[in-house]
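**Q** Checked Swiss-Prot, it gives:
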type     : residues : note
DISULFID : 60-286   : disulfide bond
DISULFID : 72-84    : disulfide bond
DISULFID : 105-147  : disulfide bond
DISULFID : 290-314  : disulfide bond
DISULFID : 493-497  : disulfide bond
CARBOHYD : 30       : N-linked glycosylation site
CARBOHYD : 46       : N-linked glycosylation site
CARBOHYD : 249      : N-linked glycosylation site
CARBOHYD : 253      : N-linked glycosylation site
CARBOHYD : 335      : N-linked glycosylation site
CARBOHYD : 431      : N-linked glycosylation site
CARBOHYD : 503      : N-linked glycosylation site
LIPID    : 566      : S-palmitoyl cysteine
LIPID    : 569      : S-palmitoyl cysteine
TOPO_DOM : 19-533   : topological domain 'Extracellular'
TOPO_DOM : 555-570  : topological domain 'Cytoplasmic'
TRANSMEM : 534-554  : transmembrane segment
């Protein structure tokens, strides 16, 4: 009897074997590992690098109005030492300073030098206007062998005012200049510190010297400090240069009685530019927007690990050499063990025994889309990509890199460490600030990429679930989920039927009657098969009970007829 039940169950199951459709996603044999907020080293199908490490060892100047200052220092363009004669006025949007460049000829320095350098780097070039100063009672042709052209000369944009005669009296003078332009004027003047008191008397006469400069926003007095200093360029004296930005319609006044280096022309800034200190060669055949001392960074990535002091439209500098941004779904490739198992199970169970747990295991053969279907029916087996869900995921992931760039993009300026003794403390603060910013942005970069990676993986999983739910809602009671991403269909589903499921045009009512009949038959088989062991044990128990009952009846009859005697001893 039990054997008959088992044979009937197997026969019924073979007769009603269901067609099947499964859902899966794309996988590759070798994915890329990324980090998320919750886990490090997650393997994804696609990822892109966000940290640029490739440097172009040239200054790419194509499309730029570039000026290469050569031996002229940028500050020198405002006062005019001989090496800067050709750059007294210029227009540029890319200014290149060289290591060999020098701002001065007569030894000295600029006050607040680095701030002025930053202003000029962004200036777009400079133009000049004569300030209209005239002098009587003094000489205006002071010159020095430190500033040689064909012979001794002086700064082209400055006047070295001297007494009419050696040791002669230098008169008290006042000069004024009003800025009538619509943009600020850069005004530069100098204070001459003679190599000795005797030299100062010879040049400007005896007595204390005082220079006072004032405008509506500025007032400062200067006294020269004569005395011996180490010789530079054959000179023991020094000239210190000072400057101010004079607003439109404002007036600057100079009151002096010697030791004054007077401005001859005011400088005006032309527009906007980038300035970079570099000895890299100019290349007019490549374009760039981000520069550093070693060349050009050409990149569309949000971060770079090349130089922390790059300027222009640059990726953010971070300490990490690599930060991978996920642009595809989580990847679990079919390894060799899995492929062997797949082959074995196909022989044993067909195509769909190989893709159990489809959400954890992708299909390496699904190359036309990120998501897709595999089916098995009387006509054979097939695989097809689902373009709608793929496109939905792609649309949301496309532009992730650009959005990351928007969050991090900024125009950078270069602040060098060329500070004088008074400014060294400021320089230390700037360096500390720069290091702190790098630390912050290195952390921010890692966090931003991890957030985006988390979102990408969650997004692609969500699209997979949406696709699965779409199929489940269509099939309804006409199919049963097997828990492995597949649906066993309780009716004959040919290729057109499978296509209607994929296209979301499946009509479950059309197949409902056939599906219900097959479901009842299959459920009955499953029920019989499921209770097989219970029936066997029940039959065994009933047989044992029947055997004991017969034995007891026979014993009773024998005792009654005297054929058997039972003696009980106490």
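Quick reminder: no glycine exception, Cβ is built from N, Cα and C everywhere.
The shown structure was predicted, so the numbers you read here are calculated from the model rather than taken from an experiment.
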**Q** Which of these recorded positions is closest to residue 46 (N-linked glycosylation site) if you go by CA atoms: 30, 84, 105, 290?
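**A** Spatially nearest to residue 46 (N-linked glycosylation site) by Cα position is 30.
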**Q** Do you know offhand how many angstrom separate residue 290 (disulfide bond) and residue 147 (disulfide bond) by C-alpha?
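**A** So the Cα of residue 147 (disulfide bond) lies 36 Å away from that of residue 290 (disulfide bond).
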**Q** Can you give me the Cα-Cα distance between residue 72 (disulfide bond) and residue 497 (disulfide bond) in Å, rounded to a whole number?
**A** 81
**Q** What does DSSP say about residue 46 (N-linked glycosylation site): helix, strand or coil?
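**A** Coil, per DSSP.
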**Q** Roughly how many Å lie between the Cα atoms of residue 105 (disulfide bond) and residue 253 (N-linked glycosylation site), rounded to a whole value?
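**A** Here the two Cα atoms lie 27 Å apart.
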**Q** I'd like the number of other C-beta atoms within 10 A of the C-beta of residue 46 (N-linked glycosylation site), please.
**A** 18
**Q** Three-state secondary structure of residue 290 (disulfide bond) from DSSP?
**A** strand
**Q** Mean pLDDT across the topological domain 'Cytoplasmic' (555-570), rounded to an integer, is what?
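**A** PLDDT averaged over the stretch: 66.
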**Q** Work out how many Å separate residue 84 (disulfide bond) and residue 147 (disulfide bond) at their Cα atoms, rounded off.
**A** 11
**Q** Nearest of the recorded positions to residue 286 (disulfide bond) by CA-CA distance, picking from 147, 249, 253, 493, 503?
**A** 147
**Q** May I ask you to report the DSSP-based helix, strand or coil state of residue 497 (disulfide bond)?
**A** helix
**Q** Among all chains shown, work out which of the disulfide-bonded residues 72, 286, 497 has the most CB atoms within 10 A of its CB.
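**A** Of the disulfide-bonded residues 72, 286, 497, the most buried by Cβ count within 10 Å is 72.
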**Q** Where does residue 84 (disulfide bond) sit by DSSP, helix, strand or coil?
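**A** DSSP assigns residue 84 (disulfide bond) to helix.
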**Q** To the nearest whole angstrom, what is the C-alpha distance linking residue 493 (disulfide bond) and residue 60 (disulfide bond)?
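**A** Counting only the Cα atoms, the answer is 64 Å.
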**Q** Looking only at C-alpha atoms, tell me how far residue 60 (disulfide bond) is from residue 253 (N-linked glycosylation site), rounded to the nearest Å.
**A** 44
